[in-house]
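Read through the structure below, which is laid out as structure tokens, and then see the notes.
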Amino acid sequence: MEITELMIRYGELSTKGKNKKIFIKKLNKNVTKKLKKYDQVKVSYNRDRMHVKLHGENAEPIISELNDIFGIQSFSPIVRVEKSVEEAEKAVIELIRKNYTPGMSFKINTRRSDHSFEYDTNDINRMLGTAVEDAMADIHVQMKNPTVTVRVEVRNRGIFISVDTIQGQGGLPVGSSGKGMLMLSGGIDSPVAGYLSMKRGMEIEAVHFHSPPYTSPQALKKAKDLTAKLSRFAGEIIFIEVPFTEIQEQIKKEVPDEYSMTITRRMMMRLTDEIRRKRNGLAIVNGESLGQVASQTLESMLAINAVTSTPVLRPLISTDKNDIIDIAKQIDTYELAVQPFEDCCTIFAPTRPKTKPKLQKVEDFEKAIDVNGLMDRALEGMKIEKIGIETDENKEREKNFADLL
Amino acid sequence: MIYFDNSATTKIDPSVLATYRSVSEQYYGNPSSLHQLGEQSRQLLTQSRKQIAELLDVSKEEIYFTSGGTEGDNLAIKGTAIEKMDYGRHIITSSTEHPAVIQSMEQLEALGWDVTYLSVDEKGQISLEELEQSLRKDTVLVSLMAVNNETGSLQPLKEVGELLELYPSVHFHVDAVQAIGKIDLDLNESRIDIAVFSGHKFHAPKGTGFIYVKSGRKLAPLLSGGGQETGLRNGTENVPGNVALAKSLRLLMENKEETAQKLLDMRKSLLAYFADLDRVTVFSPEESAPHIVCFGIKNIKGEVVVHALEKHGIYISTTSACSSRKKDNIHSIREMGYSLKEAESAVRISWSQINTLQEVDAFKSAVDTVYSQLKSIE
């Protein structure tokens, strides 16, 4: 028994009407890109299904790759056996055993494209059904709502059988919903916000503010490593490092302490928006959750958001911290995110920031700093790189470690 | 020179030593330091922990580095006793445990804990009935060794685990120092809560080891300090030692099947040889660890045999090295029902995968000589 193919169902995609074609193409591109490293694998698709033919590649790692791709509702491993009823019986029994639950019911659903085969679909249904019932007590055939449906297809090249359905991530293929800029600090929340945006088909580019020497090289590396973690859902993610030292120093010098946080955030928002405009993005995404910290009250959001009319998306706005942590653990960003490095949000944090800043006052205080000049210089020093799952630095580190271990 | 005292300690593997050296030279930062050098050490330490966890099929949060078996046993026993002292102060162990266990128990007894020492049969095994009768409402810990260090006897861990399923609040601690890589030990599926390992028993550096603590089980730390090892074992981490330990464990586990066969072949050869010598008693039970045989020549003190073989360049022990300079060096054999005189004749040979069948043959001919030589003084 050998898994020869993984059959992918689109799910929500199927309801997208005219756009469907574009979505499927995008998904095909994402799947193909992700499976590129498996030489023998061939991906093909039609309106209803996508087929990943393994041609001898091991199914297990490929299944786990497919688990990371958005736009896949579910997929089924398909097993091929020789064209004989005995072989089919053996395979079906083994597959049912793997999916066994006490008191379960099942149904065999046969299709036959090879009409020269000695039995017709009814014969095959009956023979395989009887074989399973004989092999296992406490299991019965049921035509309506069975626990498990076994799909059997008799083709020229053999009999193809599938039982398991593996739930995919759901969502929409990354890139099918346009591009947004993710404000990535290095905390727990922003990677989760990025993940959720990608899940709805958004392509994201990560924008990170870096204030050496107040923030460390490790903090920058942590942000890149978090991006690398997210890239498993997208292939590669653009990482944009924006120098922020001068801005923070000037704000610290010129702006009253309790308003410095608000104005710092406004500068970040302006810069992100400008980068978005230059790079043809359509939205800004951040990890804000209502009431979590001083900058995440509605009053603060109003004062900060006032610098732009671009949609600022906050996927976590009504999510509790514990639920955010659960997702972070699930996407493997939590452990990285809790490493204790100062980031640019904490290092200049005033002792008592305004939780209810007044927009008018904010605008008045902001006059003390050279907004345009500061922005120009920051944008000039911007560094852009592509980050995949394996950054060069990490690859080298892992190689060094592997040599030692 | 033939080294047949691998249960006392092993020779460090050259590639493991090379790792120890490279890590000492390149990753000397303190894993708690914030700078790049510290960060690299921290990552390397995490990677080592992960490797050990994967090799044992457990999660890396369940592995804590220690300095070796003695520390591990002390931590498991006293850590449980302190953590659970408000719930009960009764502990069950066997009468043939390693001194690290027995002495910890005696220390606790002096402080008011109640300890039950289970007797063992001629195979060195405890009785499940006796264990079941000994379990009480205030029992907090059952502590047993997987493989006896003197005789290679095996405890029925699986059956004990099944019995303890009915006592979910009792910690089940297993001293696995002599067992790792020698017998199958399934931590993931079994009821074992705490298992103790020591690096120098499998060709890692001295002063290295780790303890497995099943997630959800709590121990009080014995060494308080800077929060290392999630606060369970404080003190600056031994990064080179721990990396070398992880490597050594990988080498051990990767070659497990090959090693098992090799160890068994040597054991078979030795047992067949001893069977023909009518003045030799083999104390190791038939079913025991594949790398230890404990035997004695009738009426000859073990010490004499050790020194006689040493003249031939062969290094063995009078049972356990940890206690062999003291009088009570033969407690496991005595507990198995042998007379003092018989027990005093005991010596232990213990081999490893780096020994060969040729060495076993050389050992045999040396014993032949010693055997006939000692006949005259009998």
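Cβ atoms are placed via backbone N, Cα and C, with glycine included.
Going by what TrEMBL states, the ATP site holds A:Met183, A:Leu184, A:His208, A:Phe209, A:Gly287, A:Gln296, and the candidate of A:Arg157, A:Arg232, A:Arg265 recorded there is A:Arg265. DSSP assigns A:His208 (ATP binding site) to a strand in the three-state reduction. In this entry, A:Met183, A:Leu184, A:His208, A:Phe209, A:Arg265, A:Gly287, A:Gln296 make up the residues listed for ATP, with the farthest two CA atoms of the set 18 Å from each other. In sequence order, A:Met183, A:Ser185, A:Gly187, A:Ile188, A:Asp189, A:Ser190, A:Pro191, A:Val192, A:Ala193, A:Gly194, A:Arg314, A:Pro315, A:Leu316 are the residues near A:Gly287 (ATP binding site), counting only same-chain partners six or more apart with C-beta under 8 A. Around A:His208 (ATP binding site), a 10 Å sphere centred on its CB holds 26 further CB atoms from the protein chains shown. In this structure, A:Met183 is the one among the binding-site residues A:Met183, A:Leu184 with the smallest number of other Cβ atoms inside 10 Å of its Cβ. Listed in sequence order, A:Ser295, A:Ser300, A:Ile304 are the same-chain residues six or more apart from A:Arg265 (ATP binding site) with CB atoms under 8 A from its CB.
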